[in-house]
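Scroll down for the structure; my scribbles are underneath it.
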């Protein structure tokens with residue numbers, strides 16, 4: 001099945017239009033957090049950028065932020081800034097000159113393009129198939145738009161969309177023979193959210209030294225720029241915030257991971273209920289400070305995943321063949337599942353590989369597989385889960401096991417393909 005290349009442009013345009021129609025009126029609290037951080041940074045109040053949580057991460061902004069929000073008449077949801085100081089400094093250049101609503105409008109166009117672009121790049125990594133790239137791009141884009149991870153990220157203008165695009169781009173560029181672009185993309189992703197840096201373990205194990213070198217050079221440049229622009233005290237505050245997050249668990253309807261499950265079922269008496277900012281009708285959620293032993297076990301789980309990753313990619317490299325591309329979304333799911341804040345949209349880069357199921361199982365069966373994978377992650381599934389008794393905590397269980405099921409489905413796809421010789425990529429390699 002072949003389609004003209006311009007069909008992809010139509011998919012991009014239609015996806016962006018649909019996202020605008022669905023989410024244009026949303027308040028974009030995640031984008032606003034970066035905006036407020038830039039505001040305080042531009043005033044020289046760098047010590048007010050981070051919330052400064054001590055015992056555990058509450059997901060509430062600092063008192064100074066609340067006063068600022070009250071002063072501008074904002075009574076909607078508000079979240080703290082949890083990104084590296086570099087991006088507060090960058091926002092500080094923009095905030096004095098651009099109204100928030102204008103920046104929000106730009107983000108509401110850029111983010112859908114990035115999300116569908118992520119799916120397109122993942123689709124380009126499918127080996128020569130009977131299903132065209134435009135068709136795979138369409139199916140993957142619709143799946144993301146209907147899912148809670150995709151919809152929530154677009155609604156909030158989450159920076160995770162850009163991070164996810166860069167992650168998939170790094171994987172795709174490395175496989176297409178563009179190591180410098182791949183390394184730079186991964187470094188940029190890691191400069192926004194730190195966890196993408198862990199993926200370099202797979203490159204090192206697989207002997208991809210040019211990608212690793214490019215990542216290191218770009219990472220040092222970005223890190224140096226961040227320290228130069230923001231100063232070390234602000235980085236110390238950021239690292240303290242990250243350490244607090246590492247020792248915390250947050251349970252909402254949208255946290256899919258092992259920590260929320262353990263906290264809810266085994267530590268119910270230690271949970272604290274926090275009400276988010278947002279005026280009347282604001283939602284509440286549960287938080288927990290992890291015991292030291294639990295934090296250590298989480299670190300061991302992370303190291304174990306990375307060790308298995310290194311073994312897998314090293315084994316494939318010794319066999320003279322690259323690891324199956326679906327090993328990447330499995331790794332991404334595993335890392336997110338054991339991370340402290342396993343928000344649903346952190347699984348976006350893994351969901352971008354859904355179109356590969358059309359190649360592995362054929363168009364008809366692949367569509368069924370994608371439907372089964374996405375159905376538990378839809379708003380309709382959440383509404384059904386909320387009808388269950390509150391003590392069941394079904395939304396977290398359903399979302400978490402849906403992501404584990406997707407990882408298992410990718411693993412089965414790898415197994416079915418076996419050791420068939422790889423066919424050419426849809427797009428020719430471009431070396432850079």
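Here the Cβ of each residue, glycine as well, is placed from N, Cα and C on the backbone.
Whatever TrEMBL says is automated annotation, not expert-curated.
The following features are taken from TrEMBL:
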- 6-26: transmembrane segment (TRANSMEM)
- 131-152: transmembrane segment (TRANSMEM)
- 186-206: transmembrane segment (TRANSMEM)
- 212-230: transmembrane segment (TRANSMEM)
- 250-267: transmembrane segment (TRANSMEM)
- 292-313: transmembrane segment (TRANSMEM)
- 325-343: transmembrane segment (TRANSMEM)
- 363-382: transmembrane segment (TRANSMEM)
- 394-414: transmembrane segment (TRANSMEM)
Segment proximity, the transmembrane segment (363-382) to the transmembrane segment (325-343), 3 or more C-beta pairs under 8 Å
no
With Cβ-Cβ distances below 8 Å as the criterion, list the same-chain residues six or more beyond the ends of the transmembrane segment (250-267) that contact it, or say none.
57, 59, 148, 152, 283, 285-288, 290, 294, 298, 301, 336-344, 347, 382, 385-386, 393, 395-397, 399-400, 402-403
Ranking 186-206, 212-230, 292-313, 363-382 by Cβ pairs under 8 Å to the transmembrane segment (131-152), which is first?
363-382
Contact set of the transmembrane segment (212-230) with the rest of its chain, CB cutoff 8 A exclusive, min separation 6+ beyond the ends, reads 41, 46, 84-86, 88-89, 179-184, 186-188, 190-191, 197, 200, 203-204
